[in-house]
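See structure below.
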Amino acid sequence: MFRNQYDNDVTVWSPQGRIHQIEYAMEAVKQGSATVGLKSKTHAVLVALKRAQSELAAHRKKILHVDNHIGISIAGLTADARLLCNFMRQECLDSRFVFDRPLPVSRLVSLIGSKTQIPTQRYGRRPYGVGLLIAGYDDMGPHIFQTCPSANYFDCRAMSIGARSQSARTYLERHMSEFMECNLNELVKHGLRALRETLPAEQDLTTKNVSIGIVGKDLEFTIYDDDDVSPFLEGLEERPQRKAQPAQPADEPAEKADEPMEH
């Protein structure tokens, strides 16, 4: 199909009923480094993989503080995420100033959905090329929300977005029944294990490339970076594929090729 006929602007529909500019923005989210969000009955946790633009540059921030009860992790264009984060901070400040109370998480997510929908319907605008995982805690308990460049948003028990995030989602689906009863340390470890699934076999999580955000009952949103991550990583078991295999003694003869394999 000649997509160039229908992807010049966000207001043009293809004959198949698709808007290609929005689909391209969704692809931008998949280019960002992976991030994971999950919740229990008392806490919501964000775990993100940080990248460095080069060996000479510092790692980029992946988890941002919005309010005392809300934080976000991002995948996609950092500049777009910064703009949306500033919008969210302003809405939270307005709620505290006008109503003297924290802004409910679901209300904030609804406002983000309305803001990101505007450039998907107006000529000369482009969709925001960033996906967000929003972690928060309010009177309804802990929350994990996912937002998309298409202006859709979803209430999740656990979610992962970004590059190679399907591997993390597979882990989350396998262990989802355990999350609600987990304590905080176990919940963070589940998030780290899920994030580790997105890495190639030769890489592993370190204090330099991991960032953790936690919010919960009687706990304001807190970001852990660098050395603060060490206590969480120390209790994490080694990846099965990275465990060293015992070396075969040199004097032990190799198995014969014609011997049947054991099952």
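Every residue gets a Cβ built from N, Cα and C, even glycine.
Here Swiss-Prot flags Met1 as N-acetylmethionine. As annotated by Swiss-Prot, O-linked glycosylation site applies to Ser110. Summarising the annotation, Swiss-Prot assigns phosphoserine to Ser110, Ser177. Taken from Swiss-Prot, the feature ubiquitin cross-link covers Lys115, Lys208, and the record attributes it to similarity to another entry. Here Swiss-Prot flags 232-263 as region 'Disordered'. As annotated by Swiss-Prot, compositional bias 'Basic and acidic residues' applies to 253-263.
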Lys208 (ubiquitin cross-link) to Ser177 (phosphoserine): how many Å between their Cα atoms?
31
Out of Lys115, Lys208, which of these recorded sites shows the lowest number of other CB atoms within 10 Å of its CB?
Lys208
Need the DSSP three-state call for Ser110 (O-linked glycosylation site) to compare against my parser.
helix
At the Cα level, what's the spacing in Å between Lys115 (ubiquitin cross-link) and Ser177 (phosphoserine), rounded?
34
Helix, strand or coil: which one is Lys208 (ubiquitin cross-link) in, per DSSP?
coil
How many other Cβ atoms are found within 10 Å of the Cβ atom of the residue listed as 'O-linked glycosylation site', counting all protein chains shown?
13
Expressed to the nearest Å, what is the distance separating the residue listed as 'O-linked glycosylation site' and Ser177 (phosphoserine) at their Cα atoms?
27
If you draw a 10 Å sphere on the Cβ of Ser177 (phosphoserine), how many other Cβ atoms land inside?
9
